[in-house]
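J.: Below you will find the structure I want to go over with you.
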């Protein structure tokens with residue numbers, strides 16, 4: 001059973017992160033072994049990506065019914081879809097048949113492949129483009145920040161030093177994120193200040209009001225090329241939902257392991 005909504009959002013954000021390393025192969029789920037260091041403690045993921053226990057519970061139940069058939073990568077993709085639908089978002093048919101990686105890469109996860117929260121707009125566009133995703137896909141996928149939370153370390157500089165931020169919103173976030181590190185480093189705040197437990201388009205409306213929590217959120221609406229997309233999604237929730245689904249399906253197609261490549265893990269946290 002999912003304990004809380006923060007845990008529920010974990011599979012969605014994990015699915016997005018894992019597609020950026022070697023593809024949609026469930027590598028982020030692997031614990032460290034004697035032969036490799038996993039991605040869980042890499043800089044973008046450490047104390048941030050959550051919900052591993054949710055995936056482990058799902059896998060255990062699936063293995064009881066059909067052992068050795070459903071990969072952890074597929075479970076992650078399906079759980080991501082379900083976490084969106086449960087919280088009021090769109091539903092879609094998830095392609096299945098992915099296989100799991102036998103290894104993970106701490107160094108790759110730390111290499112900057114995953115766009116950091118300090119990213120410029122051009123950096124975001126280029127990182128997504130490198131994975132075959134358009135600027136519109138990038139904005140739509142950023143809408144996943146309508147649920148979930150972020151650590152103080154990821155938005156401290158924004159709430160104290162940036163000017164394109166609503167002053168009352170900044171002060172509200174400063175209450176639990178002190179200026180001086182490491183005090184409050186692991187305190188978290190909702191990515192969507194308005195409806196944090198509902199998958200909707202208010203994330204984009206927040207950006208119009210300069211209430212994006214991360215620098216990489218607000219940069220989507222800051223006088224740049226993606227402003228028009230943010231405006232459209234803020235006024236047309238159906239447009240956001242449609243484009244989000246298309247982008248999630250495209251992301252799920254990034255370099256999957258199929259056929260005899262990889263394996264079907266018995267336990268998602270360790271290779272067979």
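The backbone N, Cα and C atoms fix where each Cβ goes, and this holds for glycine too.
Here's the feature list from TrEMBL:
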- 23, 25, 27, 39: Ca(2+) 1 binding site (BINDING)
- 72-268: disulfide bond (DISULFID)
- 115: substrate binding site (BINDING)
- 145: heme b binding site (BINDING)
- 152-177: disulfide bond (DISULFID)
J.: When you tally the Cβ atoms that lie within 10 Å of each candidate's Cβ, which of the disulfide-bonded residues (72, 152, 177, 268) has the highest tally?
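T.: Answer by Cβ density within 10 Å: 72.
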J.: Considering only the recorded positions 145, 152, 268, which residue has the minimal Cα-Cα separation from residue 25 (Ca(2+) 1 binding site)?
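T.: Of the recorded positions 145, 152, 268, 268 has its Cα closest to that of residue 25 (Ca(2+) 1 binding site).
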J.: Taking only the binding-site residues 23, 27, 115, 145, which one has a CA atom nearest to the CA atom of residue 177 (disulfide bond)?
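T.: Minimum Cα distance from residue 177 (disulfide bond) across 23, 27, 115, 145 lands on 145.
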J.: State the Cα to Cα distance, in Å, between residue 23 (Ca(2+) 1 binding site) and residue 268 (disulfide bond), rounded to an integer.
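T.: That separation, Cα to Cα, works out to 16 Å.
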J.: Distance check, please: Cα of residue 152 (disulfide bond) against Cα of residue 39 (Ca(2+) 1 binding site), rounded to an integer number of angstrom.
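T.: So the Cα of residue 39 (Ca(2+) 1 binding site) lies 21 Å away from that of residue 152 (disulfide bond).
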J.: So among 27, 39, 145, all listed as binding-site residues, which is physically nearest to residue 72 (disulfide bond)? Use the C-alpha atoms.
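T.: Closest recorded candidate to residue 72 (disulfide bond) by Cα: 27.
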J.: Between the Cα atoms of residue 268 (disulfide bond) and residue 39 (Ca(2+) 1 binding site), what distance do you get, rounded to the nearest Å?
T.: 13
J.: Residue 145 (heme b binding site) to residue 27 (Ca(2+) 1 binding site): how many Å between their Cα atoms?
T.: 22
J.: Which number gives the other C-beta atoms within 10 angstroms of the C-beta of residue 115 (substrate binding site), all protein chains shown included?
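T.: A count of 19.
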